[in-house]
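K.L.:
Quick one: this structure, given as structure tokens, is what I'll be asking you about.
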Protein chains: 2
Amino acid sequence: MTFDPSTLTFDAAGLIPAIAQDDETGEVLMMAWMNAEAVEKTLATGRVTYWSRSRQSFWVKGETSGNIQELTELRLDCDRDCLLVKVRQTGPACHTGRRTCFYTAIKDGAEHEVVTL
Amino acid sequence: MTFDPSTLTFDAAGLIPAIAQDDETGEVLMMAWMNAEAVEKTLATGRVTYWSRSRQSFWVKGETSGNIQELTELRLDCDRDCLLVKVRQTGPACHTGRRTCFYTAIKDGAEHEVVTL
């Protein structure tokens, strides 16, 4: 079946969550949002492209920092309302300089930083 | 720092996306939503508990199907607006009977089922 991004289920703002996962290590790196055109751009260019809700513009990951995400596989879920993008990540995914945005774990009711810079 | 679920960043509906990942294999299993109380329940019980947007009620994953998710670690991201729940998954995570909800991959512009029943 030919894939048409417009057949995905978007929220009221026209966005769908996209989970980025390191294709080699399996580490979940970040979650951001795409609109239909960002999905198209990601597939067409092989460079993961999100929609920045704060800037209201396309966000080619790593365009300014160099920390690009090369798409290795795009998956959608059973409800067609969430994407999983498997990537080859150059440098850190997180703007803090950490490999992953998920560097804080809850242990015994407290926050602990478990991924260092 | 003591963790207080109310300090997370929730959307207009009071929800935060939660990505469930198999703690052993690293496989991303599903994405669903939690409110602050669901986060509390998940931490208190060790059973991953979402908020069902369709039913508008708590959804203790596996409560009826038996396909429970035991929490092994809860993480939050740098923006505090997304959760990663590492789990020990009993049975399939997807309601279709597949291990993961992300069983459809886009290859050469078409949809392919890459995880079978």
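Yeah, the Cβs are placed from backbone N, Cα and C, and that goes for glycine too.
Among the features that TrEMBL reports, domain 'Phosphoribosyl-AMP cyclohydrolase' is placed at B:30-103. Here TrEMBL flags B:Asp77, B:Asp79, B:Asp81 as Mg(2+) binding site. According to TrEMBL, the feature Zn(2+) binding site maps to B:Cys78, B:Cys94, B:Cys101.
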K.L.:
With H, G and I counted as helix, E and B as strand and the rest as coil, say where DSSP puts B:Asp79 (Mg(2+) binding site).
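P.N.:
Assignment for B:Asp79 (Mg(2+) binding site) reads coil.
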K.L.:
Cβ-Cβ under 8 Å from B:Asp79 (Mg(2+) binding site), same chain, 6 or more residues apart: which ones?
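P.N.:
Sequence-distant Cβ neighbours: B:Thr9.
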K.L.:
CB neighbours of B:Asp77 (Mg(2+) binding site) within 10 A?
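P.N.:
For B:Asp77 (Mg(2+) binding site), the 10 Å Cβ neighbour count is 24.
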K.L.:
Among the binding-site residues listed here (B:Cys78, B:Cys94, B:Cys101), identify the one with the smallest other-Cβ count within 10 Å.
P.N.:
B:Cys78
K.L.:
Round to the nearest Å and give the CA-to-CA distance linking B:Cys101 (Zn(2+) binding site) with B:Asp81 (Mg(2+) binding site).
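P.N.:
A Cα-Cα distance of 22 Å.
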K.L.:
For B:Asp81 (Mg(2+) binding site), what residues in its own chain, 6 or more apart in sequence, show a Cβ-Cβ distance under 8 Å?
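P.N.:
Result: B:Leu8, B:Thr9, B:Phe10, B:Asp11, B:Ile16, B:Pro17.
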K.L.:
For the domain 'Phosphoribosyl-AMP cyclohydrolase' (B:30-103), DSSP counts of helix, strand and coil?
P.N.:
10 helix, 29 strand, 35 coil
